[in-house]
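The structure under discussion appears below in the form of structure tokens.
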Amino acid sequence: MAFTLLTILVVFLITLFVNIPIAIGLAISGMVVVLMEGSIPLSFFVQSTFGASDSFPLLAIPFFILAGEIMSTGGIAKRLIEFVQNLVGSITGSLGLITIIASFIFAAISGSGAATVASIGAITIPYMLKNGYTPAYAASIAASSGSLGPIIPPSIIFILYGVMAGVSIGDMFIAGLIPGVLMAVALVTINYIISKKEGFGGSENFVKQSFWKSLNEAKWALLAPVIILGGIYNGWVTPTEAAVVAVVYSLIISVFVYKEFKVSELMEVFLRAAKVSGTIMIFVSAASFFGKVLALKQIPQYIAMVIADFTTNPIIILILINIFLLLVGMFMETVAAVLLFVPLLLPIVLPLGIDPIHFGIIVSINLSLGLITPPLGINIFIASNIAKIRFEESLKYFFPIFMSLIIILLLVTFIPQLSLFLPELLSK
Amino acid sequence: ACSDKEGAEGAEGEVIKIRMANQVDEGNFLNQGYVKFKEVLEEKGKGQFAVEIYNGGTLVGSDDGIVEALKSGSIEISTSSAYGTANTTGVNGFKLFDMPLLIDNRESFYNLLDGEFGEGLKEEVAKNNNLKVLGFIDLGFYSILNGKKDVSTPADLKGLKIRSSAADLHLDSLAAMGANPTPLSYTEVFTGLQQGAIDGVSTTTPLIYGDRFFEINKHLTLTNHVLLPHVLMINGDLYERLTDEQKSILEEATAEYIKYARELSIEAEKEAVEGMKAEGVTVTELTEDQKEEFKKVVAPVIDKHINEIGKDVYDKAIEELNK
Amino acid sequence: MNKKKRPIEAYLSFFLLLSMTIIMFIGFVFRYVFNASLSWSEELSRYLFIWFIFISMSYAVTERAHIRVEALNRLIPLEIRKYVNIFGKCIWLVFSLFVSYLGVTYAMTMSSSVSAALKLPMSVVYFGIPLGYALMSVRLFVQIIQAFKDPYLEVANDLAEESYIEGEEK
Ligand code: NA
Ligand code: NA
């Protein structure tokens, strides 16, 4: 047992060391164990690769990515921002506030954090810079608003978690709503405090339209989250169908209504989605194979046993898991972390009576915080790139923003009802 | 790594490692049966067999996958549904058991499977696949649960969206029975029922009970339109490697397991139906006349799909069933 | 629009994703508008998805987009790192060729199985896996050859980032 575990770790670290992608590194590590074991045929790799890929719920992933790409290319993201701008005007920190609210709405149509920053930040960061916000703050607030992406449904990591834990993806989506709103509230609060202190205001060169006019401009964009989430919550569509509807809807609006999407751009947009889906899905299949090899060697049970020997107090275990996941999130990409660690953690927490949906939300918040933690924080990379500053410079405001989100994480961890209230309410 | 000599001497002296896989929870009766198989085989084998069970889909996540894994030797012994076995072995005779309202009772069902017809299926599997069928069990009769009304005739099912697998025979059967069949992935069923995306579900009573669908829907009809067989199989190469003594130990263990598993299934059904009654579910049993009515409406479905099974195979089965 | 030359995987991925979108949407319309479920749309899009996954996996290689943990690799001094990374790519290539071989042999064993709704031969569905890995092997092979001519190609990303940061400091 310990020897196998050590072998896996060493092989895996070597593959990372020589710059092999994590998915391929996992597959190689699993394959080495299979070769050592001798009693498992090598075709097991092909079988489990196929088994993991042949999944209707996972089909939602390329579609949600594609929908996000179309919406940011075709003018939907832009109109959301203009609408919110008219809504909040020029109060203290209003451009930060606009970024948060627009990200919140965009998160309700996009499945990932990076997509949210790239779409909203690309527009609001230059705007903040023009109006006297420091580049560091502009980048920080856009990056951390992006961490709403995977928590406000739809969410790619909810889909992956649901498939792995065998819980309803629809339930996961509903469960993410209150925690997502709380995270947004935390961001709004901290934005107000920092903006007040630093004197960040609204935009000066902005022509305010009437509320109704701007609502009219943005109505098709605002309808997108209503259609997606409403469709899922009312049981009209499964999450996978909702994703397809989102793609078709956003295409129609972008091409025919806003007329900002040229058909010649179609291939480019599809290819951006293909590239991201390809990297995620190859990860899914490799991690599934890896997980099965671990299961064959009974390693999850072994780890669960070691932890159970140490403590069975659910509060201590949840705190330890939170710390562990925050550390993981520092170094690892979200999808990778979910696929790697959920199969290891579920056998530990389920016997303690922790609800798998509640646990899914805890895991997701932890890892979405990883999007804004150094050294690997994809949201900060994207945002600092837009703000044209170095990664390290954008960290100036990191601590207060991060701490405000940690408070929400702790609330969600220890008040299961924040995650479970809505799914239970809707089941009545 | 622990085998010293293989080949002509067979597997003597070697501990035969047997991996079994299923997709159900630890407490599910299918898994309980596996545990029994493990106990009996290890005890009778006196150290010659070591059985490991991987439940909950940790190793293989689908019925088709289980048969593929058995063929290639990723696992050694397991059960898979007749449907999954048909898909992956090319033996279409197994699809007989998805025909609606063909099987009235377990007695004739097992007469068919334990008799000549079952032998024919076993031979056909072995002919083209690296597999040996050890025997047959069942996971219970299919029922229909819905949230709208008591159902006792095809007309009552009219307009009800009932969740089904995506297999065309299942879809056609439900449609013929009057329902509006809706394919949905199984993990979405509970939420689907809650939110009204579907009005009901067609599956075995132990699953309806175990996955707590009855908490949302209160009308259960024991349509018994399909009795779901599971086929116990062993990897062909492994079987060939066993010594004669080991083969007879395996045979004894299998016999004991099969008897036990068939009883478990009956008990699980009873427990499910009584448990649901206690929870306030109205349970409708069909009268002979009502059953005839359902049989009448599904007749065209059988005709439509008969060629997938083979007319001769089908006729032979009917003949044996009517004996 | 700049007409850049795209690899074959790009056209295949585009075609597959577009087909999946159209088929799924038709399935959706039939179920919700005409209240009649198509039995084949779910299955066909699932199987197209399998081909899509492995072909876009190879496409992502051409774009050097696969997810890595860079922290460990960056511990190595740049001059050594470029050779280490070529070595890593060679291991990756060997693995990829190996899976192509496994996939083809496995797909061939599936010749007797057909899918539930469309009666597609399952060997065709499975073939998407080795095809993707074989295409990926070709891409990796080409990148390795290029890297032998110019080893800095394998650390190009790191270099770009470092020079970008230096540029900012000036
Ligand atoms: Na989202
Ligand atoms: Na991070």
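Cβ atoms are placed via backbone N, Cα and C, with glycine included.
According to TrEMBL, the features are:
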type     : residues  : note
DOMAIN   : A:9-418   : domain 'TRAP C4-dicarboxylate transport system permease DctM subunit'
TRANSMEM : A:6-35    : transmembrane segment
TRANSMEM : A:97-125  : transmembrane segment
TRANSMEM : A:137-161 : transmembrane segment
TRANSMEM : A:173-194 : transmembrane segment
TRANSMEM : A:242-258 : transmembrane segment
TRANSMEM : A:270-290 : transmembrane segment
TRANSMEM : A:302-328 : transmembrane segment
TRANSMEM : A:335-354 : transmembrane segment
TRANSMEM : A:360-383 : transmembrane segment
TRANSMEM : A:395-415 : transmembrane segment
*Any chance you could find the range in A:6-35, A:97-125, A:242-258, A:270-290, A:395-415 with the most Cβ pairs under 8 Å to the transmembrane segment (A:360-383)?*
A:395-415
*Under a criterion of three or more Cβ pairs within a distance under 8 Å and sequence separation of at least 6, are the transmembrane segment (A:395-415) and the transmembrane segment (A:97-125) in contact?*
no
*For the transmembrane segment (A:6-35), find every same-chain residue at least 6 residues outside the stretch whose CB is under 8 Å from a CB in it, and list them.*
42, 44-45, 279, 282-283, 285-287, 289-290, 292-294, 297, 332-333, 336, 340
*State the non-local partners of the transmembrane segment (A:242-258) in its own chain: residues 6+ outside its ends, Cβ under 8 Å from one of its Cβ atoms.*
59-61, 63-64, 66-67, 70-71, 73-76, 79, 109, 111, 154, 220-221, 224, 227-228, 231-232
*What else in the chain is close to the transmembrane segment (A:97-125), if you only count residues 6 or more beyond its ends and a Cβ gap under 8 Å?*
60-61, 64-65, 67-69, 71-72, 76-78, 80-81, 84-85, 87-88, 91, 138-139, 141-143, 145-156, 159, 180, 184, 187-188, 191-192, 222, 224-225, 228-229, 243, 246, 250, 334, 368, 371, 378-379, 382-383, 386-387
_Mean pLDDT across the domain 'TRAP C4-dicarboxylate transport system permease DctM subunit' (A:9-418), rounded to an integer, is what?_
88
